[in-house]
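This report concerns only the one structure given below.
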């Protein structure tokens, strides 16, 4: 299924913010969030000091070391014409904690929007949502960099944002006010639901690719799994020994991973609530005391686009890459003060953000998925675990389809 052992991630590029003189540089300079647009044409970076950079992807040649251009840029994008998109700076007026791109709306939905909202803001384009320190959410048009509207309702920091992958323009926000809120951008950003139940700050929210489930992680040992159809709690997933701070679904919605300050990533079956595997982050430096849990506290976890790898960022200054069926990392890269990570939607690159306001781009494993995995991914995108178990097929095939062959 997997290619031979990948090489260590190589640093392709590092972007650093300019130093604004009007600010205390050491204050609020963190890159709390990085994001690629679903089609891979834009990269967004909260570079600290209330600023978000919108950068056309792939990067210009001056940012990329010699020898990597061919791997990082497609031949169609080697030169930018006069009409090519330009880098944009969004001044959000508040510290930016969360970022999320919308999926590209389909042509029918664009026509429908224009017909029913002739006087309203145009959200039939690619948009970026930014979660701010004061509880506001600002909605921007990516192509122009114009502010479309504000969403108000949260009483504290909006820590994370997630759009439904279906293109319906439903936005979920997670906040330090201990709630999640559901917004419909097709209805001028109307708030349609408030999800309560967390007792601590909500750090992370993730919507399953099939749009059926929402996972939320707060400063608690348990993770909440919600129905995106009824907006009700399905179950709590319990297994971590400390605060859970990050979560992500696999591309086929069959797996959920959660990362915690307890130094573990747990892989779950979201349909059954079953704990399938734990990935423990141990110290690599023998001079460091492995009993110091905080040194390996997790900050971020994400799935690769084909669903065969995970990337994690921890406080021990390492970016780790894990193969799905192995219990130990297959590759490491040194990074200082890492806070977040995400894969490029078409694979081959991982972006990471740091406390210093920097963003780094690393090489990621490129793999040709086996036919078995492609079939599993296709089937699991519309079959739940219970539906698979009910199929009249051999036990070993059921185990493979439900990721029980680890």
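Note: Cβ is positioned from N, Cα and C throughout, glycine not excepted.
TrEMBL annotations: computationally assigned, not manually curated.
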Problem set entry | Per TrEMBL record, range annotated region 'Disordered' [choices 70-89, 90-109, 110-129, 130-149] | 70-89
Problem set entry | Helix, strand and coil residues within the repeat 'WD' (151-186) as assigned by DSSP | 2 helix, 18 strand, 16 coil
Problem set entry | Winner by Cβ pairs under 8 Å against the repeat 'WD' (291-325), considering only 128-150, 151-186, 237-278 | 237-278
Seminar exercise, completed: Secondary structure of the repeat 'WD' (291-325) by DSSP, residue by residue, totals 4 helix, 18 strand, 13 coil
